[in-house]
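This report concerns only the one structure given below.
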Amino acid sequence: MHYTTLLLSTLLVGTALAQPTNPPAKTPKKAPKTQPYNPCKPQEVIDTKCMGPKDCLYPNPDSCTTYIQCVPLDEVGNAKPVVKPCPKGLQWNDNVGKKWCDYPNLSTCPVKTPQPKPKKGGVGGKKASVGHPGY
């Protein structure tokens, strides 16, 4: 019995020593995934099953010309947010009772005022003078 155990141990150690010792392949590190924006409210999904024409629809904080529709996944309120486009020229209107794509002047999308680009060459587009005019 001892001879068999000794022989088996010797074979296992010998096999382990005979294996090539290649360094493990480097796997690139991936940045952790951030959770995508999900406005789907479990209670609304449970209550409405998102079946009504205005149920489970939300504004998209990233775009005025799209909205988010929640698609139910199960009975406990989990839902998948799906970004849907508005027709060309329309924006999302999230007013109670509406929740549809509407003309921009009727949309509830926050208006983003474009910031003016700074002009090159100093203040107001003119080069700053080096000396004081009285000297």
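Residue numbering: from 1, along the chain as shown.
Even glycines carry a Cβ here, placed using N, Cα and C.
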Which cysteine out of Cys86, Cys109 is the one Swiss-Prot pairs with Cys101 in a disulfide?
Cys86
Which state, by DSSP, holds Cys101 (disulfide bond): helix, strand or coil?
strand
Please list the DSSP helix, strand and coil residue counts for the domain 'Chitin-binding type-2' (47-111).
5 helix, 23 strand, 37 coil
Just how many other Cβ atoms lie inside 10 Å of the Cβ on Cys86 (disulfide bond)?
20
